[in-house]
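Below is one structure; the comments refer to it alone.
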Amino acid sequence: MKEGFRQSMAWLHTWAGLVFGWLLFAIFLTGTLSYFKAEINHWSQPEIPSRALNSAASLDLAQRYLQTHAAGAGSWFIDLPSEREPELSVSWRPAGGGRGDSTQKVLDPATGSELQARDSRGGDFFYRFHFQLQMPHPWGRWLSTFCALMMFVGLITGIITHKKIFKEFFTFRPGKAQRSWLDGHNAIGVLVLPFHLMISYSSLVIFMALVMPASIAVSYNNDTRAFFSDVFGIPQSVKATGKAAEPLPLSTLYAKVQEQVPGARIAWVEVQNPGDENARVRVTRYSGDRIAHLRGGGWLFDGVSGTHLSSDFADTTPMLISGGFYGLHLGEFAGPVLRWLYFFFGLAGTAVIGTGLVMWLGKRQLKHAKSGVQPFELRLVEVLNIASMSGLILAVAGFFWANRLIPAFQEGRADAEINTFFLIWGLSLLHALLRPGRKAWGEQLAVAAVFYLALPLINAWTTGQGLNHSIRVGDWSMAGFDLTALGCGLFLYWAARKMLLPPVVAPKRAPKVAKAAALIESEVK
Amino acid sequence: MLAITLFGFAGFAGLCLSMERHYSDLLGHKATPRRLRGLRIGGWLLLVVALWLAVLKSGWAMGLVELFAVLMAGLCLWVFVLPYRPKLLLVLAAASVVLGPFSALGWI
């Protein structure tokens, strides 16, 4: 019975992994990029200069701008710059308006003047794609959440299937074909398991209303708003009286917040009914100041008298649990070191999926190696593997190229960037269809290597903010992006070389010598 | 965070060496059962110290996050570099044991 159980788990692991692996690879890779969403945003809009942070001054500048340009609006929103992203953005919407009715402008945080930045989704594109898959609402969210569930299933079944989880805990044997792939798959899976489990389980928590709507509907009598308010917190709103009143400068309220919590970083300020007697100012703390990610938490002030009305940091247990998982998933609290580790663990998750897909195919291809003829289904998996992995890597680079090469103020350029991404992804599928497997891998990886290695050059050429400039002025978000692109390019070059050179033969050793060396090695052991 | 990393890395190196196969692969001779037990106990103790340092520095919530992050990173380094540069890793592990306490005291 026990063996039967393990076998059925292995079956589930194999097939759930194959069917959802391609999409999971894309979800993990774009999710990993999202840990540097702010940096990618900054890189995508090089017109926004990096300035010394001064939240109080920026707030007053934003307020002045909004008073002249959006005096009659129902609410104002101010998104303050952070160490990672220099953008000060303001938006407003008419009373009773929804999200779609808002107008957004980008300001220079030091002068308050309007900035003309190129229209680009930047890091937000990858972030959104990561859980919406560029599909209409709610299908993308639903599908990506289901993929997360399958990832969780894959992890659990993987643990059950893995016979020697402790005995081979430290084991990785390179240079042994299928054996090495399995070792690598197991090692990255097991060593980074806490991250994998956290990331897939927390995504289910984030979208729990999608995953388990029935239990929520029953417990809350179909009042999902009450559920969200309990679990995540939702701010209340007040009505305007219609009588005008002189508002306080926002920096005064900022100072009050600093008095209460010295050093608190402020991310977001919302003014309801600006200019009205009933103006309310909600100051939201940067969610990276703590691990738990809570919506609607912050200080509420009377915008006219400056009276502190409430601070709602409702630390109820359900909010802390769900907010804790939410925060762990997003990693907003992470400083530079921890953020890089998040990035690498995200890549590790991507690699677990990728190695799994490669192994599924490799194992089955071995059976047909002698005849040289591949059955249709294996060829299909091969093409999808190539397009979903190296094709996606290529498409990401294409997005960044488009960001630099499409004229900065062309109409509809943000959409053109996204179209470039999908166009290149589609072309990679076509290319994978036309070329034999190993060649297709190698060629796509080689092109990707060139794409990434050239990114810093294109950046320097089109914006004048290349590495020589960004390092000198200490703009580490910009420099970090370029350096990471270089690193990715080198890695892809290495991978492409491996694929394009004839297999098995090590570059410097003839096959016979290699065999002999292996023998000697095994004798020593 | 450096001290936590050093203690955690050394701890897992100890646990790895406490496995007979890895011990003889890495050090070239067979280990006595007593030495293996010593390494296992030592390894766990170092990990406990890393946990204690992490919680002391950043509290339970942030401490555990940091601890897990550096442990996983150290483990990946150990396991994936081991087949290529075993000597280098042994030196790193030894250096971690020596430098860990100094780092914990804030001297480096």
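Residue numbers in this text run from 1 along the chain shown.
Keep in mind that glycine also has a Cβ here, set from the backbone N, Cα and C atoms.
The feature region 'Disordered' is assigned by TrEMBL to A:88-107. Positions annotated as transmembrane segment by TrEMBL: A:12-36, A:142-166, A:187-212, A:340-362, A:383-402, A:414-433, A:445-464, A:476-496.
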Is the number of Cβ-Cβ pairs under 8 Å between the transmembrane segment (A:340-362) and the transmembrane segment (A:445-464) three or more, considering only pairs separated by 6 or more positions?
no
Could you tell me whether the transmembrane segment (A:187-212) and the transmembrane segment (A:445-464) are in contact, taking contact to mean 3+ Cβ pairs under 8 Å with a sequence separation of 6 or more?
no
Same chain only, please: residues at least 6 beyond the ends of the transmembrane segment (A:187-212) with a C-beta under 8 Å from a C-beta of the stretch. Say none if there are none.
31, 131, 138, 141-142, 144-145, 148-149, 151-152, 155, 158-159, 162, 165, 169, 171-172, 224, 227-228, 321-322, 325-326, 328-329, 345-346, 348-349, 351-352, 355
For the transmembrane segment (A:476-496), give me same-chain residues lying six or more residues beyond its boundaries with a C-beta closer than 8 angstroms to one of its C-beta atoms, as numbers and ranges.
36, 38-40, 42-43, 46, 50, 84-86, 393, 400, 442-443, 445-446, 448-456, 459, 465-467, 470
What parts of the chain pack near the region 'Disordered' (A:88-107), using Cβ distances under 8 Å and only residues at least 6 beyond its ends?
45, 48, 58, 61-62, 65-66, 69-70, 72-81, 113-115, 117, 240, 273
Per DSSP, what is the helix/strand/coil residue tally across the region 'Disordered' (A:88-107)?
3 helix, 11 strand, 6 coil
